[in-house]
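Database features, via Swiss-Prot:
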BINDING   Cys153, Cys156, Cys206, Cys209  Zn(2+) 1 binding site
BINDING   Cys170, Cys173, Cys192, Cys195  Zn(2+) 2 binding site
DOMAIN    5-70  domain 'J'
REPEAT    153-160  repeat 'CXXCXGXG motif'
REPEAT    170-177  repeat 'CXXCXGXG motif'
REPEAT    192-199  repeat 'CXXCXGXG motif'
REPEAT    206-213  repeat 'CXXCXGXG motif'
ZN_FING   140-218  zinc finger
Amino acid sequence: MSKRDYYDVLGVSKGASADEIKKAYRGKAKELHPDRNKDNPDAESLFKEVNEAYEVLKDAEKKAAYDRFGHAAFEGGMGGGQRPGGGFGSGDFSSAFSDVFEDLFGDFMGGQRGGGGRRAARGSDLRYNLRVTLEEAFSGLQKTINVPTAVACSSCEGTGAEGGVEPTTCPTCSGMGKVRAQQGFFTVERTCPTCSGLGQIIKNPCKSCRGQGRVEKDRALSVNIPAGVETGTRIRLAGEGEAGMRGGPPGDLYIFVEVAKHELFERDGVNLYCRVPVSMAKAALGGAIEVPTIDGGRGRVQVPAGSQSGRQMRLRSKGMPALRGGGIGDMFIELAVETPVNLTSKQKDLLREFDELSEDNNPETKSFFSSVKSFWDGMKG
């Protein structure tokens, strides 16, 4: 059977750039990989064809020879005998995709990447949920928290080895933490089964930590909570997470702040809102009222005569501080005109008398019922 054109195999034009060829190869190799096409009997042969095409087209010399002579460039010579670029069969087949292998198949290998020797395992990052009051969020505070975590073992100083004996290099992976295995036409890199990827083995594990180099323990940490935090604020404490395995670097601690609801104030960014009840008389006649402020003080505002429920007044710079500077928000007072209850007979008589005398003092009521009358008249007509 005649071979397909290599450009057609990868789905690129003859003038495609090296990056375009590489991108096309990645897509085809991922699409046709046998592990993803176990029900397709042709997957393996198609996968090999893709790798064969990429082996040629990724190499400038081989590509030039292929562009000039086609497949004949790699089939025993062109009448004179020498293969340009050494020919396809002259090298290790796995080199065809060594530069993109990890990007393509990292998901099959658990996302691990090889090379560079062993790296001590970094400790995990930790999350701590911290609930604070609105007053604490306003002023900021220093707070001590207890965090359950893994700390370096004091018995072995984090090495995991008993009696100060140093770990030895793993003989299976030579300290790389990974081993390679040939699978068909390509090389697969996996975590070393002997040392679990650490590159070292311990002949006499520490009894306190069982060779892990760390133990479980609660840590007391002093945390600075800045003024202006709000629900969702995240504070990072570098190096305060779990200790790494066998001397590896520690992870980080992330504190997620939740600001508790307040019985008097509602918060919207840097502004505060306080709903203040006022009597009918105060709303009608006007006058000064005192309101609480988040700093524990008192604010004084003037209620205009004739105020209705929902009217807002502002106290400037009595809100919350901005987290990263930039001033302080305002406090808004919303009036809630309260209707009196549990009236005495005398109070009821006075209100009836007042109602009879106040027909011209309720413009909204008068306007509403005038509109209602017009609506009903229109329905009749």
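Placed from the backbone N, Cα and C atoms, the Cβ positions cover glycine too.
Source: prediction; values computed, not measured.
Taking CA atoms as the reference points, Cys153 (Zn(2+) 1 binding site) and Cys170 (Zn(2+) 2 binding site) are 22 Å apart. DSSP assigns Cys173 (Zn(2+) 2 binding site) to coil in the three-state reduction, placing it in neither a helix nor a strand. Shown for the zinc finger (140-218): DSSP residue counts in helix, strand and coil, namely 3 helix, 35 strand, 41 coil. The number of other CB atoms found within 10 A of the CB of Cys209 (Zn(2+) 1 binding site), across every protein chain shown, is 25. Mean model confidence of the repeat 'CXXCXGXG motif' (206-213) amounts to 86 (pLDDT, 0 to 100 scale).
Residue pair Cys209 (Zn(2+) 1 binding site) / Cys192 (Zn(2+) 2 binding site) shows a Cα separation of 22 Å. Neighbour density around each Cβ, counted as other Cβ atoms within 10 Å, peaks among the binding-site residues Cys153, Cys156, Cys170, Cys195, Cys206 at Cys156.
Counted over every protein chain shown, other Cβ atoms within 10 Å are most numerous around Cys173 among the binding-site residues Cys173, Cys192. Break the domain 'J' (5-70) down by DSSP state and the numbers are 49 helix, 0 strand, 17 coil. Cα of Cys170 (Zn(2+) 2 binding site) to Cα of Cys206 (Zn(2+) 1 binding site): a distance of 18 Å.
Taking Cys173, Cys192, Cys195 as the binding-site residues under consideration, the smallest Cα distance to Cys206 (Zn(2+) 1 binding site) is found for Cys195. For the pair Cys173 (Zn(2+) 2 binding site) and Cys156 (Zn(2+) 1 binding site), the C-alpha distance works out to 24 angstrom.
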